[in-house]
Amino acid sequence: MASVENPGGPESKDQEAAADDPPVDKYNVEAAEALASEVLRLPIAEAVPIYEQLLGVFPTCAKYWKQYVEAHMAANNDDATRLIFSRCLLNCLQVPLWRCYIRYIRKINDKKGLEGHEETRKAFLFMLNYVGGDMAAGPVWMEYIAFLKSLPEEMQWMAWKRLLAFEKGNPQRIDAASANKRIEFTYEQCLMYLYHYPDIWYDYATWHAKSGSTDAAIKVFQRALKALPESELLRYAYLELEESRGATPEAKQVYESLFTDGTRNTSLAQIQYIRFLRRTEGVEAARKYFLDARKSPNCTYHVYVAYAMIAFCLDKEPKMAHNVFEAGLKRFMNEPAYILEYADFLSRLNDDKNIRALFERALSSLPAEGSVEVWKRFVEFEQTYGDLASMLKVEQRRKEALSGTTEDEASALEGSLQDIVSRYRFMDLWPCSSQELDHLSRQEWLTRNFNKKSDKLAVSNGAGLMERGLLGPSTSSSDVIYPDTSQMVVYDPRQKTGMPTPMATGPAVAAPSNITNPVPVGVGGNITNAFDEILKATPQALAAFLATLPAVEGPTPDVDIVLSICLQSNIPAAPIGKPGAPQKQSSTGPALSGSEVSTSSKSHPVRSGSSFKQTGDRQAKKRKDLNRQEDEETTTVQSQPLPRDVFRMRQIQKARAATSSQTGSASYGSAFSGDLSGSTG
């Protein structure tokens, strides 16, 4: 009551003093600046609430945002940095803040290669879209230009292409003449950096031609050929322009330059010149040039094929085309591709007799290694247009001719279904399923690798003789190492690979007769079965269990079948301890079986009645508990239904029959009480 009655107490004095103080101005700029300067010396964890307080009062102060985000950048807090930029950038269009954003983007994308460069470029464009028009944005543009210059010989190409497309869109909406000047100026600037890029020259000339400035386009092509004199693409593009405007003499000069400059594709230039003469000057001019070109030592069979097809399709002169092919056959009889082109031409004429004669003439002169495709086409022709007798005859001849070549090792399969498939298929229609095709392909692969393995063995034997100096010096190159494909095998789940033989630690147990390993392994110079050696070192109980398992197909057996076999089999109890070691009874171990108790009682002194009775009761109790636990587990497993699949039941029945014939039928008893009973039939 004293404090209430006394108006001059301490609390009232404090309230009066607070009432006398002027109110705090949270919008005081000087105080905010002082606080922002002080927070620079604080760690980031203590500075965050102060920055949030400042920005809550001054949300558009770019200086505070920049100071805040730089503190997080110094602490490598990327998540917090991104969050702050997302809060402030669009609300504070200040150049220094945005340049801080660019520094962060360049930092995190500096080591990401081309992808990082692209992300940085997008960030620059994003910044310039918002603050590029600021009067203080000059350094930003200079930084962007320096960034573009630092990009690789490909990123600059993309940047210039985008710039050219931008200028062609006339973003300033100026008149056509002024826009064309800007585009031309941009192309010239681009060529300062991409002078040896033929696509830039072609794009520049094409733009002039589309704009109606053909003369300017010709000048660009002429400059391009001086910059890239070895570019055939630019020459053919220039030829198109000259021909399109009807300047035949100028186009001829370009063609002549192709011949005189020693182009690598002389035959291609000759073919294109024949077509050009046929278009511009007519049939006789093209024929005259062909007669001159065929005398050239650089003329290949392509020129004969091209002119023959021109005479056949354009000039409508099949006889002339036939004569051209016949003339070329005398020169290119050993070219399988020319033979096939000639055969296609005769097929269009429906001249089956001359087709067979052509194949016979060609196959009589071609070596076996170079006649594979010709034989294939001959067989396809007979399968399509011949009778069954001629079809079988050609197939047999093909096998005999190619039996010793490596290109057609599958031909060693006499009577293979591959022949039936090739006879009766049509386009994408097959006379078998995809599984059968896979099986045939597997057979072909096995045959090919079997032959390679035989050849490899012969080569290795020869190499051994060379090392002993019996066959003279070796001429094979040791610098090139090829993979040994003969060791490659097709996966077969029924095969088991050999395993190293472990050292036996106990008495050997004979391997059951139904567990074998087909892969022999050489040990110490003798051929032994590694899997059988493992079984000899296997405990008898495990070996008996393995003997009851049926043979299965696939990498893993069926769990239901294995469980069923386990439930139906008689598995003997395994002795406790290491194999071959004498068994010692432990005072704290499990109780002995009945037979062991009777035997041990004869060889050990009999205890007193009370102690023996207590020990016997305790052992009997343990036996009952163990028997009860075993019965419960057996009942739980046997209560599960057996598989109803007929195939699985057959496997189970076969396994039971095999087990009965070897060990007889046995029923489970107590492995601890010694009541195991069985009957053999």
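Cβ coordinates come from backbone N, Cα and C, glycine included.
In TrEMBL, annotation is done automatically, which means it is predicted and not curated.
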From 1-22, 463-484, 485-506, the residue range that TrEMBL assigns the feature region 'Disordered': 1-22
Which numbers of helix, strand and coil residues does DSSP report for the repeat 'TPR' (198-231)? 27 helix, 0 strand, 7 coil
Find the average pLDDT over the repeat 'TPR' (198-231) in the predicted model and report it. 93
